[in-house]
Amino acid sequence: MTAANKNIVFGFSRSISAILLICFFFEKVCGDMEHDMGMDDTSGYTRPEIVQAGSKSFHWLCTLGFLLLLPSVVTCLSFAGRIYSATLLQCTCAVYAFLEAAVLRFQDNDGVENRTSRGTAWFLVGLTWITLFFGGLAGGTGFLVKSKRLQTFISNAGEKRLSYIHRGLSFLTVLTGWVKVCLAPVALFGFCREAHTGQCIAHGIMGSAFVLYGFIYVLVLVIPWIRSAQTSYSQDYVDSWVMCIWGVVNTFTEHRWGREGWSVHDYQHTFMGIIWWTGGILGIFLSRNGRRTFVPSLIIIFTGWAMSEHAQHLIISTKVHNMFGLVLMCGGALRIIEISFLLRDKRTLDKIHSFQYLAPFCLVCSGLLFMGANEEQLILVLRLGGDHSAYVLIIVSGAFLVYFWMIACLEFYLYLLEKGKQGFLPKSYELEEENNNVSFELDNISNEDVDEDTTPFNV
């Protein structure tokens, strides 16, 4: 078969696959529209009285800026080797983290902040100051280096190892800041207490996991040496292992085997764990020796379908879960198209196509939708007079901003590395200075030669 015929066959198969996927999702959306489109009865709900909304909103924005956004910039600086700049900005984060834990409070209308939010605040204080300490050691801060014990510790550990520790701790502060920012509204509205605690934990962990999964996808996509790394294993191989392990844990923790009866919830989540570890085994086998495979993406599609079919107590909750499942299925399907048809089972291409940014965004968006799909939050939406469409739009708007911040941080990191290669001064100025130095050295040599020639010769 000639190259032209191969391209024709490949293009035809790609078109057929795309048409089938479009038909599948069109049928899914139309099928959902045929369901009961009624609304929840809100006659029993009263509009909530939010006390000091302005000051609480400003407090949350400050927490967002100093405990999540600024630490993200610090992490970029740390990974780019700018330890001094990272440590300087980290001082600001550490001071605010202490004020957040010691003075400021995310209190509900009863003046109470839950223990999880309070404990996270104090944990973040300790973590930020420890990170700042290691940053000072790695950067050679004066008052720290004066101590003989610290000098011995630095010499034994090595500056390179200390910088690695600082990078890891800096990234951990970003993750903890994400938890704190997400817990703040929970504390302000008094959510996730008593019987609702388990549901909030499940939605928070699973939703954040999808957001982190999307970040890893875009990290591999944007950073060129990770994208083009010639390793013995592919990204699908790692994904399959993670899904397999997570599936095993989920299978044996969602139900007390032999100690209680089975409920619909147990069936749903336990069998979801089973499909994760069984699919993970197949994915591990097919992706061995560095090969690509569709299995992790297919597992995501089935997970999205299962979540979209979960019936909830509230109609708005059912519709939000349905949207979450639909977006998750889109992410898995787009990933299959990328691997099988765009990359053609290769690791990477010469350049990044705009299409490749879509699958990670779907994962980030689905994660935020799942985090916002717990029952108490949706009851608050009903009490405020909103519906599922407005709620989904505001969450997707947040997903756009989160995804923008992820890509912006990665691009900022690459910019710092590029500036580091060029040097502090502009390249033209450096070349000019180098030429001046060379000419100055030549002048010195010529002057020395003249002096030697004019030296009197004594017989």
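Placed from the backbone N, Cα and C atoms, the Cβ positions cover glycine too.
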In Swiss-Prot, one of 149-169, 296-316 is tagged transmembrane segment. Which stretch would that be?
296-316
Could you confirm whether, in Swiss-Prot, the topological domain containing Thr318 has the same name as the one containing Asp110, so that both are on the same side of the membrane?
no
Summarise the topological domain 'Extracellular' (373-389) by DSSP state, stating how many residues are helix, strand and coil.
11 helix, 0 strand, 6 coil
For the transmembrane segment (60-80) and the transmembrane segment (323-343), does the number of C-beta pairs under 8 Å, pairs 6 or more apart in sequence, reach 3 or more?
no
Sort out for me which stretch, of 171-191, 296-316, 323-343, 390-410, has the most Cβ pairs below 8 angstroms to the transmembrane segment (206-226).
390-410
